[in-house]
Amino acid sequence: MIPILEKLSGFYNSYVLAVLTIGYILGELGHYLIGVTSKQTAIELDYGDHACQQNTSMFNRHELPTQCSAVMNETSCYALDFNGTGYCEWNYNGLGIDYQILAGPTFILIFTIAGVFMGFAADKYNRVNMLTVCTVIFGIAMILQGTVKEYWQLVILRMIMAAGESGCNPLATGIMSDIFPEDKRALVMAIFNWGIYGGYGIAFPVGRYITKLNFWNLGWRVCYLGAGVLTVIMAALTGTTLREPERKAIGEGDRQTSSGKPVSLWQVIKNPAMIMLMIAASIRHCGGMTFAYNADLYYNTYFPDVDLGWWLFGVTIGIGSVGVVVGGIVSDKIVAKMGIRSRAFVLAVSQLIATLPAFGSVYFDPLWAMITLGLSYFFAEMWFGIVFAIVVEIVPLRVRSSTIGVFLFVMNNIGGNLPILVDPVAKVLGYRGSIMIFYAGFYGISSILFFITCFLLEGKPDEVGQPESPKSHPDAVLNARHMHGHDNSVFSVDETLPSNGRPAQLPQHLQMSSNGYDKSQISPPRQNGAESSRL
């Protein structure tokens, strides 16, 4: 190998993480742009609710005799004036049930269903090739969204975009799990899954300021056209520069049932720990989606004279990214001492701390709203990477990607569709009250659920003792004790051939005993830390 290429090869793993993360950010940018451009899109495509809105920044809202949002009909709206100057208009506000359906269910429906199939396919086929095709699909769909003339066209294209983007998480997670060591798992997963927040953080300045610049008289359409072109470029990089990694410990390294058969996907999914983790993650996801879909519209509604686009971008990208990294590092550091349970404990504590400032971010005026939002983000954004680190650790590798696909299906169908209730609840309690419930309130509920999950996960490594005698039921191994971590760093027999060409015998601690148990669970744990994930 050329010396320079040999040196650069040491950065290949980091390069893979960068390509996968940037692709995911662009996908999520396309996903969340509708929340920022919705008002302009609604005016042009004729959908959603009408409302009285302040149409000038000449006046500060505190000096106006009547707030535009307090007027409920068109005649009274245009009758409002200050020193002889009208300051309100009756127009589409980008909200309403049409918007909530467009932002949530139409995307989530296809995203979750396709994600399950992507997860199953990722366990069998070339993941790099699949990811390349998926990226091309949602990139082209974004480009076409910049050309739509009707509301229904936008709905269809968001569905197509969702189908393509559904492969990002299960495919990329499988790739990263095979190339990164276990002691960096939570951090790597956190960085990648931060693409969700990076995407909608970038959506604030892109959707606001690119739209206002009105390049080529295209307005909001340029945002989708540009994001789509960049996505297609990333698809080309994915397909030409990434290689399919060797899958680790498929089959031989997986836990088996008492009958000698590998643990099935259904047995993994119905485990109490997995069920509780999915419920907790779904509730937390609802809180995040509620804010993502409504942040720009909320602050424009209540503070129309204050431009918070760059503030929202800075808080999301800057403070949120720090929280992601800190959460991953903290989780990785303490997992060896407290077991997988420590990850759920970090989730519970971080979401609890984030709850109160989250309420503040929709209660205070702009300055303190941004301060409390930053504080909330620092702790709240720890969650996503840690959740998927737990999922990777508590399931057999042979069903890893398919489990992630099912997990995302449940989490997105619950957490992604619940925000549709924001609109009917807002008509009863007001927009602010509704956001408080589904955003900050759900943070607090998820904290309680993550805490309950702690007790269903494995504790300290030295708590693993002799396994119970096998039962006749195929779920015996899974139900005999709490959900355990899997050693994802070992290879199957056909992957351990020495240089002399003779098959290598697996070390004793990786072999299966005659009764179908992994001998590493029976023999004393190694002291060199190589099995830090077997808890």
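Backbone N, Cα and C atoms are what each Cβ position is placed from, and that goes for glycine too.
The transmembrane segment annotation in TrEMBL falls on one of the ranges 12-34, 265-287, namely 12-34. For the transmembrane segment (12-34), the residues of the chain that approach it from at least six positions outside its boundaries are 41, 99, 102-103, 107, 131, 135, 138-139, 141-142, 145, 158, 161-162, 164-165, 168-169, 172, 175-176, 179-180, 188, 191-200, 202-203, 206-207, 223-224, 227-228, 230-231, 234-235, 237-238, 241-242, 292-293, judged by C-beta separation under 8 angstroms. When each of 128-145, 218-238, 308-330, 342-364, 434-457 is scored by its Cβ pairs under 8 Å to the transmembrane segment (404-422), the top-ranked stretch turns out to be 434-457. Mean model confidence for the domain 'Major facilitator superfamily (MFS) profile' (16-458) is a pLDDT of 86. Counting Cβ pairs under 8 Å to the transmembrane segment (128-145), the stretch among 186-206, 218-238, 308-330 with the most such contacts is 218-238. Among residues of the same chain six or more beyond the transmembrane segment (370-392), those with a C-beta under 8 A of the stretch's C-beta atoms are 169, 173, 177, 185-194, 196-197, 274, 277, 281, 284, 287-288, 308, 311-312, 315-316, 319-324, 326-328, 330-331, 340, 343-344, 346-347, 350-351, 353-355, 357-361, 364, 400, 403-404, 407, 443, 446, 457, 488. The stretch with the most CB contacts under 8 Å to the transmembrane segment (218-238), chosen from 186-206, 308-330, 342-364, 434-457, is 186-206. Here the listed stretches are 186-206, 308-330, 342-364, and the one with the most C-beta pairs under 8 angstroms to the transmembrane segment (434-457) is 342-364. If you look at the transmembrane segment (186-206), the same-chain residues 6 or more away from its ends with a CB under 8 A from one of its CBs are 17, 20-33, 35-36, 169, 172-173, 176, 180, 223, 226-227, 288, 292, 295-296, 309-310, 312-313, 315-317, 320-321, 324-325, 327-329, 331-332, 335, 343, 381-382, 384-386, 388-389, 392.
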